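The structure under discussion appears below in the form of structure tokens.
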């Protein structure tokens, strides 16, 4: 039963099996299976309000502001006679808690009266300005000199009857001050933070230097809540294929029957001319002419080699017009191998669920496809069983060397030493009788309801034995542009980079040398097996943390996520994972920040990521420029915001000693409302959106600038306490300097200059000027926008102050604009402006002295770089592009990049869209077709990308090992 959207049914026992009959509704309903009705909504009309409120107020911030709102609505109501000039009588009623109390002349105090023999009382101003009773007897004259001595803010205080219970009275006073002091953390803090994060996200989207023209792909910030964490990354976990490399495979070399083919492309050589083959791909290049000669001479081993490549795959061919072949492969490796066979005369033309049609040296041949032994992460190989037109049964297999054949020909080791991805090819002739019996057992296992996968695996193992080795292929996956430089820059920024790949140790190691993660002087190489076992993970983490480079090979997608979770669990650091394929999604979601590369393997990684772009080299700009700026700006924003609001609020504390702790506010009601909304909102936003300590060029030139963010030096407990201490000092100055300046003073016209309204206005002016001066000291990069916001806010303060304190607004609404004439009577005094200047200087003087001494005695890395940039007086340098190559003799292996399940798709017929064109025979040099287009691991057939799951925060422990910041560069 569903009640208010909640499933209240009892949990059913697990099903052993399920039976369904076609077109028999009554039979199917008897089992009470779930229907096709799917509910994706979170609420219904009855549960929307309660459940939504429950979720919203689970957030501390929302509950906090709701609590303040409840406290602020407590008020009383007085109904009395209108203003008049009779001083001997008064009639009115007071309503509180639905009870009415009588008010008469004995309960009214006239201006100038003194209340004696009374410990305390609550008061409410009834008539003010030119409407109070003494003023009603005045015929004419200026009323600007009459000052209201008592000020009450209705929304901030509840005026209650006198209570004899001092405990209850203290309770009320306490909560009254909670209301007054709520400006320490105003709601504008959260609003401003979201605006800043949104703006910094747009900077990433608008960055043209992170736009890849080849794929027409800009950088994209897919979230707005993690920008500042980009400036605190300590660990990067990177995939290899498609992330560090291009994932565009080229058939480089091969070994057939012990003979190697293929030459070093770096040597000036003429590529092979494939013009004899009208179906050749013009983009395919090969430099060993002897292999073509072997094909033309019809060497049996060479033909068998390319025949296997043309038959053993899950590629699909699309031929829109005669000779125009387009290959769609689930992996770039498969596309490269089938394209190689195509150029050497063994052209894959079409397929059906039962057949595979190829063209062998101009002769079309159709093979009967009897079975596909599909690839998975455990098998690391795939096989096909075919019957050729002559009726001969054969099994063709390709896969990783350790799986296909334990001992490879030495030529395979030579390929691996050059960092190439090696793949071993083998075949086996089958007996007709044995295959028939095996096929029957295969069918029985494929329809089994229990242990189907295990039974099929045993059958695959049985038939894939005693195979004959044909040869091996070597496919090259080149590094992306700028990978080496990016890794070097990130290493200088004290960011540790761990490469997590499914390749063999030798292949991963050679890629490490190619991108300069590994160097020749690193002679101590640790090889750890079973590192993620529960009794080994801590030892693995300790060992990995003392290594300069960590490369985890032969890892599954789940193990990638486990490595990330291990670092998050035991290291107090922010992690980032970057990948390009569906096998990287779990790693991307496990890290604090996930980055997806839109490459050759579909969009699953991008859809699961927080940030995305097209090339790995953009990562250094994302972190060293945008990430560092975002973190620096957010820290400056928080420090300044807390300073200005702490200072604003602490003044009430000092005033409490002079108002008898009556919860009276220092400032005008309008100023309290506009302080965070108008007077100080735009300047801090301008600083948080446009400030730079150094520009982007110098940020990339000095990656060491990134280190303070990793150590949380810009905003920490110490920085917060320093901010609070500075605010406490500033509030002390802001209260007592104006208080002393106007104490027992007179104006130029001889009138008394000591009154509450004048003191409030002077304090407001001093505070506004002081926080603007402090922001000017915090700004490192002044722009036109910053000037407009700072000077505009100061100008707006004086404009609105004079406007709100005018006679006209007072006559329209006396209760809201009670400070009538205060601005023009107070701000025209020279001593007031001297007080404002003195207060501002005293408030910022400790900051100026501290920063000067610290920059001279112990300068930070930011100060060193800024000083050096100023001394050089040169524009920012352009990023340096270096090309580092290395040829290693180390052995490498191949990581088969298939995805499981494509064999069943090939034999199902679901992928077929049209029949293949009729193929003509003969190898005639009459034209060429475009090359294969690897469409990534999805290739139109992979599962639909799931919606990104919310990230779960994992609290790190205190086992973080901090490294000392070595500033030897300077």
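Just so it is clear, glycine is given a Cβ too, placed from its N, Cα and C backbone atoms.
In sequence order, 499, 500, 501, 560, 578, 579, 580, 581, 583, 584, 587 make up the list of same-chain residues 6 or more apart from residue 239 (active site, 4-aspartylphosphate intermediate) whose Cβ falls under 8 Å from its Cβ. Positions annotated as active site, 4-aspartylphosphate intermediate by TrEMBL: 239.
According to TrEMBL, the feature Mg(2+) binding site maps to 239, 241, 580, 584.
According to TrEMBL, the ATP binding site annotation covers 239, 240, 241, 334, 375, 398, 421, 501, 502, 503, 554, 560, 583, 584.
The domain 'P-type ATPase N-terminal' annotation in TrEMBL covers 20-74.
The domain 'P-type ATPase C-terminal' annotation in TrEMBL covers 606-860.
Feature annotation from TrEMBL assigns region 'Disordered' to 927-957.
If you look up TrEMBL, you'll see 167-191 (among others) marked as transmembrane segment.
Outside the transmembrane segment (637-658), and at least 6 residues removed from its termini, the chain residues within Cβ reach (under 8 Å) are 177, 180-181, 183-186, 189, 192-193, 196, 664-666, 675-676, 680, 684, 687-688, 714-715, 719-720, 723-724, 726-728, 730-732, 734-736, 763, 767, 770-771, 774-775, 778. Taken from TrEMBL, the feature transmembrane segment covers 637-658 (among others).
Among the features that TrEMBL reports, transmembrane segment is placed at 670-690 (among others).
Residues annotated as transmembrane segment in TrEMBL: 719-742 (among others).
Outside the transmembrane segment (788-810), and at least 6 residues removed from its termini, the chain residues within Cβ reach (under 8 Å) are 129, 144, 668, 670-671, 674, 678-683, 685-686, 761, 764-765, 768-769, 772, 775-776, 816-824. Residues or ranges marked as transmembrane segment by TrEMBL: 788-810 (among others).
Residues or ranges marked as transmembrane segment in TrEMBL: 831-853 (among others). Note on the transmembrane segment (831-853): residues 726, 729-730, 733-734, 737-738, 741-742, 745, 762, 765-766, 769-770, 773-774, 777 of its chain, located 6 or more positions outside it, place their CB under 8 angstroms from a CB of the stretch.
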Cβ atoms near residue 580 (Mg(2+) binding site) (within 10 Å, other residues, all chains): 33
Residues flanking the Mg(2+) site, with Cβ no more than 8 Å from the Cβ centroid of 239, 241, 580, 584 and excluding those residues themselves: 238, 240, 242, 243, 247, 579, 581, 583, 597, 599, 601, 605
Residue, out of the binding-site residues 241, 583, whose Cβ gathers the largest set of other Cβ atoms within 10 Å: 241
Predicted model, mean pLDDT over the domain 'P-type ATPase C-terminal' (606-860): 90
Rounded distance in angstrom between the Cα atoms of residue 241 (Mg(2+) binding site) and residue 502 (ATP binding site): 9
Site with most surrounding Cβ atoms, counting all protein chains shown within 10 Å, from the binding-site residues 375, 502, 554, 584: 584
